[in-house]
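Visitor: Pasting the relevant annotations from TrEMBL:
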| type | residues | note |
| --- | --- | --- |
| REPEAT | 3-36 | repeat 'TPR' |
| REPEAT | 185-218 | repeat 'TPR' |
| REPEAT | 231-264 | repeat 'TPR' |
| REPEAT | 303-336 | repeat 'TPR' |
| DOMAIN | 356-426 | domain 'J' |
| COMPBIAS | 415-424 | compositional bias 'Basic and acidic residues' |
| REGION | 415-436 | region 'Disordered' |
| COMPBIAS | 426-436 | compositional bias 'Acidic residues' |
Amino acid sequence: REAESFKEQGNAYYAKKDYNEAYNYYTKAIDMCPKNASYYGNRAATLMMLGKFREALGDAQQSVRLDDSFVRGHLREGKCHLSLGNAMAACRSFQRALELDHKNAQAQQEFKNANAVIEYEKIAETDFEKRDFRKVVFCMDRALEFAPACHRFKILKAECLAMLGRYPEAQSVASDILRMDSTNADALYVRGLCLYYEDCIEKAVQFFVQALRMAPDHEKACVACRNAKALKAKKEDGNKAFKEGNYKLAYELYTEALGIDPNNIKTNAKLYCNRGTVNSKLRKLDGAIEDCTNAVKLDDTYIKAYLRRAQCYMDTEQYEEAVRDYEKVYQTEKTKEHKQLLKNAQLELKKSKRKDYYKILGVDKNASEDEIKKAYRKRALMHHPDRHSGASAEVQKEEEKKFKEVGEAFTILSDPKKKTRYDSGQDLDEEGMNMG
């Protein structure tokens, strides 16, 4: 009678949603009468409401051990298994409930839910192998609707979020698990993975080492730890060689580092940019442009790579491309320096679209007055119409055009004022200087 009284009080608190008090009274009832299946069933229901599914599972199992015909006990056992992500065991519990009461609507529905989770698990496994991480996240989200306390599903989702570059979300999931279980090796591994992919390699190694302390045979943590250490060492060796001016060795070391882990996008973007810098020092400008392009493909917010590529475009006189890169940089970071770089590139682009009078005369941009005069005489003689009077009409026309251009070039470059305007990229038709 005393045990029943405690149970009734527990029921009253349960109805008021005061689950902690309900738990206390059901425990008192169990202490008074430890062989009553329904008391364990009630306490299991309370623990489930408190989100303590592992403890609830123990009570539900005890309830059906005491009374195998206790339908609600089997339902609660199945629900706990399902919430913890063990869908096969859940199916067995729901099947037993249906054997006892084949019309039980809850058992029918929960049996369907458990089978759905099994199906989501199978699809996720296949998609993980195919590296279709978005699909795995989708499947785990669906499975977690029925299995909210399953750490395994949460970890798989977090790992895939990290692979998709959604690091804050992945870290949030892993941190939630670590708050409940600080020794969870999988969660430690995922935290490390996020840091590793965000190029915080030293911190990442600490998490991988911690994960391996908890689970020495954790294969993924072992591989990630090895990669992280190798990547850090190679990158540092490359930086050292670069600082010492050994560009050939730096190039080789950065190339080796790039081969370590193709999944580490952020670090690889930096390595490509570093190698691009090495290429530009070696005057291999096409290689430098290609490396910087690979860097921005991996990380389209990487300002340093855009600046490096823009400079290479300037050096190879690809001014339109340089302007495009400097515009991108200036839109992202509106600094004085970036504005000036953009203006310079725009000016060079404008200059490149005019006639190149230095090229027409065949002289260097730093040529003296005498050199310009000599070059003019030589070119004027070369293209003079009298010299080509016996050629075809087409050739005569072409040479006449070149002769006029030589005269035009000389008019500008032999006049200091006009030359200064021309060199600074100003329009020559301003202030009555029309070349007509």
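Residue numbering: from 1, along the chain as shown.
Each residue, glycine too, has its Cβ placed from N, Cα and C.
How about a rundown of where these features are and what they're close to?
Guide: Over the repeat 'TPR' (3-36), the average per-residue pLDDT in this prediction is 94.
Secondary structure of the repeat 'TPR' (185-218), assigned with DSSP and counted as helix (H, G, I), strand (E, B) and coil, comes to 27 helix, 0 strand, 7 coil.
Residue counts of the repeat 'TPR' (231-264) by helix, strand and coil are 25 helix, 0 strand, 9 coil (DSSP-based).
With a cut-off of 8 Å between Cβ atoms, the residues of this chain six or more beyond the repeat 'TPR' (303-336) that come close are 269, 272-273, 276-277, 280, 285-286, 288-289, 292-293, 295-296, 342, 344-346, 348-349, 352.
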Visitor: Are there residues at least 6 beyond the ends of the repeat 'TPR' (231-264) whose Cβ is under 8 Å from a Cβ of it, and what are they?
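Guide: 163, 196-197, 199, 201-202, 205, 270-272, 274-275, 277-279, 281-282.
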Visitor: Could you give the residue numbers and ranges of same-chain residues that sit at least 6 residues beyond the repeat 'TPR' (3-36) on either side and whose C-beta is under 8 angstroms from one of its C-beta atoms?
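Guide: Distal contacts: 42-43, 45-47, 49-50, 66.
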